[in-house]
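What follows is a short report on a single structure.
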Amino acid sequence: MSDIKYNRVILKLSGEALAGEKGFGINPPVLKDVAKELKEVHELGVQIAIVVGGGNMWRGVTGAELGMERAQADYIGMLATIMNALSLQDALESLDVPTRVQTSIEMRQIAEPYIRRKAIRHLEKDRIVIFAGGTGSPYFSTDTTAALRAAEINADAILMGKNGVDGVYNADPNKDASAVKFDHLTHMDLIEKNLHVMDTTASSLSMDNHIPLVVFNLNTPGNIMKVVKGQEVGTTIEGD
């Protein structure tokens, strides 16, 4: 593993990334491609934990905007992340990759409850661990979950796989042709420039625990491998 920069990582996988161009639900070919890439990285000996979002199924903020109580809407979103986690687990295990799903909301019939020491032990036994259910509390995003779990398991970095976006820009590249991509930023840059890579709570948690972030395009084959090897892909965020 001499050519590996990050030996233990959290991959933040958005729900939208699993939907692909469909924009809603799960796109089976996309799910299969992600699983294949994870298998290749896993075979290098990299310890992988994954935090999945649920935006391809439901967004708590959207539910609240429609008049639903925010906490209730967020709980629905947590259930959406669990559906995505089980789908990803199935895709990985179809490729003979050992996995465990841990949920922040107990549902022992289908997944383990989140236990930090057990999660670390699974990683040490070369199992991919998929964290689902967010933090288990409303008002917290899955980005915050990624930062929290990364700190808890002592991850070397958070890999933020984006759907069709190859890094961090000073404006939305899909709307502004003059948008400029950043290769390197600090955590404080994210907060001061209001760059919307992750919410402020997640950014602060990552900064306080000195956890690097790498934002990259998940849709480009081989990018996860390039990131764990420390190659120049996307935008790297580190330092205060």
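Glycine is no exception: its Cβ is also placed from the backbone N, Cα and C atoms.
Among the candidates G54, G161, G164, the one that Swiss-Prot lists alongside D74, T135, G136, S137, P138, Y139, F140, S141, T142 as binding UMP is G54.
Your range for region 'Involved in allosteric activation by GTP', going by Swiss-Prot and the list 20-25, 122-127, 230-235, is 20-25. The two recorded residues N163 (ATP binding site) and G54 (UMP binding site) have their Cα atoms spaced 14 Å from each other. Sequence-ordered, the extra residues of this chain that approach the UMP site, with Cβ no more than 8 Å from the Cβ center of G54, D74, T135, G136, S137, P138, Y139, F140, S141, T142, are G60, G77, M78, G134, T144, T145. Mapped onto DSSP classes, the region 'Involved in allosteric activation by GTP' (20-25) shows 3 helix, 0 strand, 3 coil.
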